[in-house]
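Over in Swiss-Prot, the protein carries these features:
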- Asp10, Asp134: Mg(2+) 2 binding site (BINDING)
- Asp10, Glu48, Asp70: Mg(2+) 1 binding site (BINDING)
- 1-142: domain 'RNase H type-1' (DOMAIN)
Amino acid sequence: MSTRVELFCDGACSGNPGVGGWGGILRCGATEKELSGAEWETTNNRMEMTAAIRGLEALTRPCEVVVTTDSQYLVKGMTEWLSGWIRRGWVNSKKEPVLNRDLWERLLELSKTHRIQWTWIRGHNGHAENERCDALARGAIDELRKKGQGRR
């Protein structure tokens, strides 16, 4: 597992819940790939998580991945909370079912394939890749609205 990859990711939501988008940049050396998508009825946290999932799913072999995101929910979930949720049967510290369990389980599966370092950065603070991911997410929302496909 020697290939080192950087994944920058962000999610956006117009209304929460509402129409949402996600954006990601995969970087391996000098090569970059941009990814994005959108959904009609979602939340900001789901889009943040989806950005990371889609980026990790795009990798064709096991890698060392540095995931950089402005989502404390995502970083803390993966580095601090996940083991407790699993130990308690997917119940949080308030004894309530963990939200977005489907996405946490997918991230857990992907973390078995890749060696992942989760890194938090402050959002909307001039970080070039984070700003680009935000633009990708918002662009995906705009595209979905223009197409009007999948509208409930």
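Cβ atoms are placed via backbone N, Cα and C, with glycine included.
What you see is a predicted model, and the numbers here were worked out from it, not measured in a lab.
Separation of the C-alpha atoms of Asp134 (Mg(2+) 2 binding site) and Asp70 (Mg(2+) 1 binding site): 10 Å, rounded to the nearest whole number. Residues of the domain 'RNase H type-1' (1-142) grouped by DSSP class, helix first, strand second and coil last, total 58 helix, 49 strand, 35 coil. Of all the binding-site residues listed (Asp10, Asp134), Asp134 has the fewest other CB atoms within 10 A of its CB.
Note on the domain 'RNase H type-1' (1-142): its mean pLDDT in the predicted model is 96.
Sorted by the number of other CB atoms within 10 A, the binding-site residues Glu48, Asp70 start with Asp70, the lowest. Of the chain residues outside the Mg(2+) 1 site list Asp10, Glu48, Asp70, Cys9, Gly11, Ala12, Met47, Ala51, Thr69, Ser71, Leu74, Gly123, Asn130, Cys133, Asp134, Ala137 have their Cβ within 8 Å of the site's Cβ mean position.
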